[in-house]
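Just below is one structure, and these are the notes that go with it.
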């Protein structure tokens with residue numbers, strides 16, 4: 001398979017959406033689409049799968065909750081039980097109501113931070129990471145669709161020109 | 001596409017004939033421009049206040065808490081008042097970004113960035129007070145459940161003060177990542193526009209290499225939604241737990257089950273007031289009136305009115321329950337509040353918090369910018385006094401009349417408080433000059449549904465959506481083109497004579513792609529005309545822009561809109 005891609009630039013999100021649908025209908029492979037803002041429905045038009053990041057957040061929340069339960073049981077009940085204000089710490093269940101606020105806070109803490117870290121890792125975002133958008137205008141008002149060249153290059157270019165693009169560039173895949 | 005439809009009854013959230021590019025320019029302008037004199041004056045005042053506060057903090061830590069006005073009866077006063085006041089102010093940011101996101105309120109997009117910044121900066125101020133109040137701040141890590149030199153001495157998880165440590169630190173850190181995640185695409189926008197290498201490097205670093213892939217956006221939106229879902233109960237829990245600091249004690253006036261909802265409403269109330277204070281000034285100074293509109297201010301005023309009324313209900317409920325309980329200590333605490341030596345503070349609290357927001361029932365008043373600003377200041381004063389009344393008047397006359405006393409702050413108390421206000425404004429002013437203060441990526445996504453020009457076009461029966469912006473630009477460009485006579489060769493010669501011919505033997509060609517708005521293809525075109533260096537581009541005026549437009553097939557009017565000459569001038573001087 002050729003490693004060449006064609007970058008077609010659009011200046012409007014609706015034109016881009018129609019173009020994505022046309023390109024998909026003509027069964028060309030869309031490598032990537034770069035947009036300056038979230039275009040609603042684009043991921044459906046491109047055929048991207050739903051993200052599972054919310055599920056990971058739920059699991060991280062469960063981890064945080066379990067950690068809170070384990071920590072407070074270990075510190076307050078098992079390791080050094082004290083009689084605070086006439087309320088002895090000899091049973092986890094009887095002391096549990098006082099632990100609810102921290103169980104909640106730690107569940108949220110774990111879910112939020114670990115989910116965001118997962119997002120940064122999966123989307124490869126971190127300090128000193130080089131940006132990979134093909135043109136600086138894609139964070140301003142331009143939309144770039146990257147279509148992989150599979151077969152006749154000129155045919156694909158003339159096909160893309162009819163989809164309302166304002167600029168076309170042929171380049172090697174990075 | 002019908003997805004851009006919005007009911008005509010909804011007021012536009014973006015005023016004027018904006019295009020996506022206009023949003024970019026106007027959000028980037030305060031960052032790329034130079035600070036004016038007023039900014040430097042306000043910043044200097046804030047910095048002096050901050051330094052005074054820093055001095056007061058150092059004096060407190062060096063000498064001891066005795067330098068404050070606290071006494072044996074009033075053990076909590078300004079410190080905790082300020083702490084609760086700042087935490088309360090912080091609540092509006094998360095409410096705007098999280099709760100309004102869950103309710104799909106589009107008007108949050110113009111203001112959420114600054115409201116979240118305000119949240120983070122005010123929670124930082126809040127956090128200072130409990131830490132300083134510890135006295136021996138070098139032992140501050142004792143509040144964390146970490147192993148220490150005493151072996152197995154842990155923190156007391158039954159204590160609301162410890163819950164507070166967990167609540168505030170979770171709140172601060174989660175707000176910070178929520179804010180930063182939203183900032184990534186906007187930092188990327190600044191990075192891609194940056195001309196000077198230093199700015200490019202800094203914004204490249206801050207944007208974490210954001211590229212705007214479709215998959216990234218999909219995850220971005222999901223993460224924002226889940227964070228909003230997590231932050232909503234979190235923000236409610238934070239002030240609930242702050243209120244537990246008081247409610248779980250046995251002090252009359254504090255031992256009240258109504259505290260959690262009453263504190264949360266009060267926090268939202270004061271937070272929205274502070275957002276109004278800051279944004280009414282910022283929209284003017286940074287020329288963002290098209291994005292932070294009168295409609296935004298009116299809606300915030302309505303929230304202030306509602307939460308102010310909830311707070312009023314809570315005050316009256318407290319009084320009623322104190323009387324109805326039949327507990328004479330409780331009754332006396334409230335009688336003393338209203339009619340005792342601190343009656344003036346109680347009156348100030350009642351008039352600022354319950355009475356003043358009621359003016360907002362009037363449409364005329366709540367759409368007046370000046371009036372909104374005054375009320376926002378009044379509410380902030382009132383909410384400070386609410387905390388002062390709750391804390392000091394409940395303590396100063398305790399169970400033992402022989403120890404009854406008054407509280408008066410020392411210059412150190414005042415210094416630390418003023419210092420945190422200074423610190424807050426130092427941070428906010430720096431933010432306003434270096435951060436994208438509007439969530440521009442999100443605002444772009446609602447332009448077609450809530451933009452003034454698009455809404456007008458639909459109201460006039462136009463097909464949906466209406467790409468009216470580019471049409472206006474195009475016709476203007478065409479008129480100009482007709483005026484220019486001669487063949488393209490003559491026009492090229494004309495253009496080159498005013499820009500100067502590039503001599504490849506003596507000069508080196510510059511990378512024209514560094515000019516924002518110039519891509520690889522456009523660079524080639526420019527080269528084919530004979531433009532190679534920043535020096536040539538920097539000489540362009542209206543006449544040359546028109547000539548260039550007439551030579552280009554596309555991107556008409558773009559060179560002027562993006563101010564290529566100005567950019568090239570910068571690049572020339574920095575290269």
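Just so it is clear, glycine is given a Cβ too, placed from its N, Cα and C backbone atoms.
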Can you check which of B:4-37, B:38-71 TrEMBL lists as transmembrane segment?
B:38-71
Scan B:192-213, B:302-323 against TrEMBL and say which stretch is down as transmembrane segment.
B:302-323
Contact between the transmembrane segment (B:373-394) and the transmembrane segment (B:262-281) (at least 3 Cβ pairs under 8 Å, separation 6+):
yes
Is the transmembrane segment (B:262-281) packed against any residues at least 6 beyond its ends, judged by a Cβ distance under 8 Å, and which are they?
84-85, 87-93, 95-96, 111, 114-115, 118-119, 122, 236, 239-240, 242-243, 292, 296-297, 300-301, 303-304, 307-308, 310-311, 314, 318, 353, 357, 369, 372-373, 375-377, 379-380, 383, 386, 428
With pairs closer than 6 in sequence left out, are the transmembrane segment (B:38-71) and the transmembrane segment (B:223-242) joined by 3 or more CB pairs under 8 Å?
no
Is the transmembrane segment (B:343-361) in contact with the transmembrane segment (B:115-135), using three or more Cβ pairs under 8 angstroms as the rule and ignoring pairs under 6 apart in sequence?
no
Short question: most Cβ pairs under 8 Å with the transmembrane segment (B:343-361), which of B:38-71, B:302-323, B:414-432?
B:302-323
